[in-house]
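Some features that TrEMBL has for this protein:
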- 347-528: domain 'ABC transmembrane type-1' (DOMAIN)
- 20-44: transmembrane segment (TRANSMEM)
- 79-105: transmembrane segment (TRANSMEM)
- 117-135: transmembrane segment (TRANSMEM)
- 141-160: transmembrane segment (TRANSMEM)
- 214-234: transmembrane segment (TRANSMEM)
- 240-263: transmembrane segment (TRANSMEM)
- 291-312: transmembrane segment (TRANSMEM)
- 347-371: transmembrane segment (TRANSMEM)
- 383-404: transmembrane segment (TRANSMEM)
- 410-427: transmembrane segment (TRANSMEM)
- 513-531: transmembrane segment (TRANSMEM)
Amino acid sequence: MSNQNSFSKKIRKKNFKKIFLFSVSLIILLFFMIELDFFSPIYLSGLRRFGFYISDLFKFKSEHPDLPGRSLWLWNLKYLWITLKSVTGGTVLGIILAFFTSYFSSTNIHLGRKRTYVIKFILVFFRAFPIVMFILLFKAIFSAFLAAFAIFFWSTWLWMHKYFMEIIESSNTKYFWIDVNLGKGKFKSFYKNILLVNKNRYAMNSLLSYESNVRWSSVLGTIGIIGIGFIIDYNRNDFVYLGISLFYIFLVVFSIEIFMFLYNKYLKEFIYKKTKNINYNRTFIYNRNRIILIIIKTIITIVFILSLVDLLKETINIRLLKNYTQNFFIFDFTDISQDPMFYYRDYLVIFMKTYVSLYFATFFSILYAFLMSEKVSKSFIAIFFKGLLVIIKSIPVSVYFLLFNTFLEGITAITIVLFLAAFRSLAKHINSKINSYSDSELKLYISLGLTKWQIYKKRILPEALKDILSLVVFEFENTSRNGVSYGVFATITITSKISFYQDRGLYNRIFPLLLPIFLFFIVLEITYWAIKNRDKLWKFKNNLLKKEFLRKNNL
């Protein structure tokens, strides 16, 4: 009886703790929403303008008064081609470098190597800086196409390194070490036992990176980076001319989404069937998927080579680059010390925006992932919500901001934009967690009388909770970065301050301005690592306590 009472007390204590933490998080949410003007009146005249903007988007007006005699369809296509070349070149090169840096910095296949920790430190150090700092730097020291190429290369390298390293460090290395101990080279063993086993994850992450860079290009025009984003920014107040640009972006993103779906479903493997034809492995049907992939790889290679050829015409301002690197780490806190709140208040606003947007994004993405998963929803429902997510992903954030800003305060509008960016990312990742659940387990629970919603709520979500928590922490970092980058639209002045210092050669004042967000990203990296390795940390702590107990008792 006493054991039963003790168990009941533990359950009540655990439930009370959950309710208390949820209540505190809700109070913080409401406070931040008030601070961000979420409850301010909606502009009714703005709602009418919102309707006009939506209507104008679908007019696809192809003649612009500033471009007499030129078709906007062809003009957009020209800039889209520039975008595709810079995105392809930068993304492919970034993925290649990320592949090698992630291989050499993964601690589970390079035990006790100092090199792995040095590479980890360098990458974490670079990632701790807001990407907007590098965007403005590349824009200043490189000519137009090289700047765009460098931005996509840099961001792809830093982010894909982390994704690839996650794949390696979460892999089972038992057979890797067996082969190594039998004399096989480490890289050969890695290729056989880790890369081939996870080739689908490598491919999907690479495709998602490419898609993300295409969407990101639509924002870079606001900062003056060449590409289709330049036209989007130029026409951002003339929605009758904006529809064509958005149509092209949608077409590219939709094509990538379709290819990812086809790759996942049909293109990964050879086509097997029972046949008496001993030469079946030489037929087109058997090799169809391989041929399709070879054609696509050939196209990507051609575009990649063309982007490298274009780099030959580009220039670098060596003098400015040298001056920047010499002065950047000679910190000057003069401006900060005079009025720290003026310079650092933006970070408090970014934190509030991130918290609010991610709070809602987590909740809605968990519900949305259920609806878009073919494993727990009906096929037509899953297809509809997947298609809707593609449309949501295809529209540039600058357009979202302009639409919402017609009837909402700027600070509220940008928070909703951050919510949408986080939501579409989380929904995609949580959906992949659902789809990794085996069909046999689903059938078993259905046979026991559980509905698919009950299976999702009681089995899938609890089992995926650790992964979802890691995703939320990771997305908190991404949303915070977006909060800095999207500040170019409204309310956040960090980008303009960096640009101000850079234009006047005051490079030693940039890092003091970025110090809070730099330290914040370092803390998030440590938090993410601790969550991912909490089982190991718990075991390590218990071992220390055990050793301390034995030492004190002379055992």
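Using the three backbone atoms N, Cα and C, a Cβ is placed for every residue, glycine included.
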Contact call for the transmembrane segment (240-263) against the transmembrane segment (410-427), three or more Cβ pairs under 8 Å: no
Remote residues contacting the transmembrane segment (347-371) - C-beta distance under 8 A, at least 6 residues beyond either end: 25, 28-29, 32-33, 35-36, 38, 377, 381-382, 385, 389, 411, 414-416, 418-419, 421-423, 426-427, 430-431, 433-434, 453, 456, 461, 468, 472, 475-476, 479-480, 483-484, 487, 491-492, 516-517, 520
Stretch contact, the transmembrane segment (291-312) with the transmembrane segment (141-160), Cβ-Cβ under 8 Å, 3+ pairs: yes
Contact between the transmembrane segment (214-234) and the transmembrane segment (79-105) (at least 3 Cβ pairs under 8 Å, separation 6+): yes
The transmembrane segment (79-105) touching the transmembrane segment (141-160) per 3+ Cβ pairs under 8 Å rule: yes
Positions on the same chain near the transmembrane segment (79-105), where near means CB under 8 A and six or more residues out: 115-117, 119-120, 123, 145, 148-165, 167-168, 187, 190, 206, 209-210, 213-214, 217, 226-231, 248, 252, 300, 303-304, 306-308, 310-311
Sequence-remote partners of the transmembrane segment (20-44) [C-beta within less than 8 Å, at least six residues beyond its ends]: 349, 352-353, 355-356, 359, 406-409, 411-412, 415
